[in-house]
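Lifted from TrEMBL, the feature list:
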- A:72-99: coiled coil (COILED)
- A:175-410: domain 'Aminoacyl-transfer RNA synthetases class-II family profile' (DOMAIN)
- A:Thr233, A:Arg264, A:Glu287, A:Asn384: L-serine binding site (BINDING)
- A:Arg264, A:Arg265, A:Glu266, A:Val280, A:His281, A:Gln282, A:Phe283, A:Glu351, A:Val352, A:Ser353, A:Ser354: ATP binding site (BINDING)
Amino acid sequence: MLQVTVIKQKPDWVKERLAIRNFKNPELVDEIIALDDERRATQTAFDTMQASINSASKNIGQYMAQGNKEEAERLKASIAGNKAEATRLNEQLATIEKNLQGKLIMLPNLPADRVPAGKGAEDNVVVREGGKKPQLPENALPHWELIKEYNLVDFETGAKITGSGFPLYRGNGAKLQRSLVQYFLDYNTSKGYTEYLPPFMVNEASAYATGQLPDKEGQMYHVTEDNLYLIPTAEVPVTNIYRDVILKENELPIRMTAYSPCFRREAGSFGKDVRGLNRVHQFEKVEIIQLVLPKYSYNVLDEMVHHVEGLVQSLALPYRILKLCGGDMGFTSALTYDFEVYSAAQQRWLEVSSVSNFESYQTNRMKCRYKDADGKMQLVHSLNGSSLALPRIMACLLENNQTEKCIRIPEVLQKYYGSAMIM
RNA sequence: GGAGAGAUGCCAGAGCGGUCGAAUGGGACGGUCUCGAAAACCGUUGUAUGGGCAACUGUACCGAGGGUUCGAAUCCCUCUCUCUCCGCCA
């Protein structure tokens, strides 16, 4: 979340930035400032009261030690009123703080300077395109047909076992998934990311720290019996490794990668946009996460974009990179680049990665800090990106590489898949 | 799931109603010494928040939340987690 000091120093600028992402209650900013003033005043009053009680208690102790009972009793009686007042002030303080916290977490991150204003996907800016769109024959099939033809994914049985949107990969389809996961992880670790295999459920504190709560409450699967959430991305457990951690400056940057299944309720979507593997409730993804010094975070963001770009290029897929406009960015992000690959048979772009700089938004919630050269506590910056989300990559690979009698496997993947084609 | 033990600072580990933000040891950092290093010795080694330009100072924090008390790391209750044993189990 945003730091109160920043909000208080530049309230107009904060509102201006929030407007870039179409935030609809800028009055929250003023409410937060007022509440913080109230908090300070109450804190001061409480501290004073408590100090008087503490010093009286000390004196009572001394009187007791001296055997001066009457004086001790007299003092006790004299601070009874202070005690009641201190209790009242303390409760008031707790209420104010809770209130303040509640409002603070409703503020999204501020878009970076270079974020274009805009309402939705149509206002995103194409940064660059790469790769070559294939010329497919007239009778080219969309991936949901190819999947049937080559017996790679069985949606019906997945629906029988669990429900719609839970694909059952089988045979070469399952193997292709495994090859992709392994290739992606190898690619990431070869560039200095440390591999993790995190828990696939997280507690409330973790979901809150990375910003899924309270913003995306209904989009996560919630295991109510144990009050745990199925992760929507490995970002959540992996970033939380560093919750409540104070780092040394020389421990940064921290570079992590993890494979995980991702669970998303995505209530209310249906239609042709969600056919086949385009949108599902459970999918596989490999994620990269970095914790870095603030002064480097935008360089690191560029580096991560290039990292993901290299991965997409290695798969020989046509792609484009978008800079998201304010209205389309995630709640916690300051700047996001999306990667889309071109699915030739569907003739549409599919999002396969989202690379974001969260600046100190997540780390402020998480309390992940480092000590700078002057010994002052500073918030670390966090970033993450998909490298990559599997189902749409698979959809694109199948569609773009189909031939009359087989589906060709990209060269980099062949040693993982163990063959040059799916027959 | 059953029985027991525990949770204290970067780590280990004392403290079991007042003078404890917390002994002691280790580590880390700075210094003296040295050509340099080791050893030895000296010093430093919280977090949050309030007030103050600052020096400094108030308050809170000994797993979390409640309670008893003038006063709680210390006593009571609830929860969470860890460890040991048993059961179950990939």
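Note: Cβ is positioned from N, Cα and C throughout, glycine not excepted.
Distribution of TrEMBL features across the structure.
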| residue | record | CB count, 10 Å |
| --- | --- | --- |
| A:Thr233 | L-serine binding site | 23 |
| A:Arg264 | L-serine binding site | 20 |
| A:Glu266 | ATP binding site | 15 |
| A:His281 | ATP binding site | 19 |
| A:Phe283 | ATP binding site | 20 |
| A:Glu287 | L-serine binding site | 29 |
| A:Val352 | ATP binding site | 27 |
| A:Ser354 | ATP binding site | 20 |
| A:Asn384 | L-serine binding site | 27 |
Secondary structure of A:Thr233 (L-serine binding site) (DSSP, helix/strand/coil) | coil
Which of the binding-site residues A:Glu266, A:Phe283, A:Val352, A:Ser354 has its Cα closest in space to the Cα of A:Thr233 (L-serine binding site)?
-> A:Phe283
Should A:Glu266 (ATP binding site) be counted as helix, strand, or coil on the basis of DSSP?
-> coil
How many whole Å apart are the CA atoms of A:Ser354 (ATP binding site) and A:Arg264 (L-serine binding site)?
-> 16
For the domain 'Aminoacyl-transfer RNA synthetases class-II family profile' (A:175-410), provide the mean pLDDT of the predicted model.
-> 92
